[in-house]
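Database features, via TrEMBL:
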BINDING   F23, E80, F267, E291  substrate binding site
ACT_SITE  S81  active site, schiff-base intermediate with substrate
MOD_RES   S81  pyruvic acid (Ser)
ACT_SITE  C95  active site, proton donor
ACT_SITE  S273  active site, proton acceptor
ACT_SITE  H287  active site, proton acceptor
Amino acid sequence: MAESEDLSNSSSNSSSREDMHFFEGVEKLLEIWFEPNPANKNADLRKIPRPMWDALLKTVRCEIISFTRNDQIDAYVLSESSMFVSKRRWILKTCGTTTPLQCFEPLLRLASEIAGYTEIEDLFYSRKNYKRPELQVSPHRGFDEEVAFLDSFFEDGRAYSLGAINRDCWHLYTLSRGGGGSKILKRNNHLHQLMEQHHSEQQHEAQLIEAAMQPDPDQTIEVLMTDLDPNVMAIFTKDVCTTAKEATQKSGIHRLLPGMVIDDYLFDPCGYSMNGISKNGCYMTIHITPEREFSYVSFESNVASSDYGELIKRVIRTFQPGKFIVTVFANKTSIAANANREIEHLGTIDQWKRRDIQYSRFASYDLTYAQYCKYPS
């Protein structure tokens, strides 16, 4: 979360504080898995050097603030949220008026020319509905526009919206592969040649490998919170805490997933971001927009669990939202594969009552979506 935007010139006839001072905390989340390259066993996205990441993020309209790494994952705190880079998985999560889809073509070039990957195995683009969508810029002015952009690259893309579209909802774009890597459309001939030049000679070998292997266990949980307790949100201002470490300790964030190496940042005058990474490649990330009129907190992690109920409780007890959305993605080999049954039994969590739940089954993953409100609201 970055310092809030000044909108005083965009709404001269309005006297409300919200119109004069607003920041869109809702993030756009893009996660891409590249298919293992049989011809290049050393393919690795972490080979891409820092100056190239800096240049790529300029197209997104954000920059790197801090960096941590271990043997499994590189984690970047950004001016607007976070980026995670593993051997063949890349995650970009950005808030405000950033444009993450604008870096899609540059990323594919870097993956092919530097990292050694020629095919995308899976892709997920998701976000909650914006509070003020009219402030976004192309290609993020609406979900239809984002879908059209991604459809120009993929012939097997599918778009979904879960929840009440006239209230809180969550949008998802993913691939329906039916086996094998996704084919990139010939939108850009040079790019297509880069991504396809080795395909024919590798196809048979890749099919043999795929038949012999089960996918690695994978899962992601997000908790997206709004209408947060002002007393909790005050912790994430320079009026209350002078350092990020103080805010992390005072809020109890360090206790959410013990054992994570935390890299945190407290913005001036307010706002907070953190990444946490563990030796086994798990991550967590939290981003906080504390202003009362548009407060927003997101929590995300790929930690594996057969029971996310306790983690969800720790998160919402820490931040005290008025409303929140939970999403859980898990593939068939994950211990979280039955998360839908578990969340189905979480009709009430302390003061929060579930208002909506939906379950979707995709080619490789199952998705559970649930929305909760603090009652009696």
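Quick reminder: no glycine exception, Cβ is built from N, Cα and C everywhere.
Local packing around the binding-site residues E80, E291 was summarised as the count of other Cβ atoms within 10 Å of each Cβ; on this measure the leading residue is E80.
Looking at S81 (active site, schiff-base intermediate with substrate) and C95 (active site, proton donor), their Cα atoms lie 6 Å from each other. In this structure the C-alpha atoms belonging to F267 (substrate binding site) and H287 (active site, proton acceptor) are separated by 11 Å.
Listed in sequence order, the recorded positions near S273 (active site, proton acceptor) (C-alpha within 10 Å of its C-alpha) are E80, H287, out of E80, H287, E291.
S273 (active site, proton acceptor) counts 28 other C-beta atoms within 10 Å of its own C-beta, drawing on all protein chains shown.
Close to C95 (active site, proton donor), meaning Cα to Cα within 10 A, are the following recorded positions out of E80, H287, E291: E80, H287. Of all Cβ atoms in the protein chains displayed, 26 besides its own lie within 10 Å of the Cβ of F23 (substrate binding site). Distance between Cα atoms for H287 (active site, proton acceptor) and F23 (substrate binding site): 12 Å, as a whole number.
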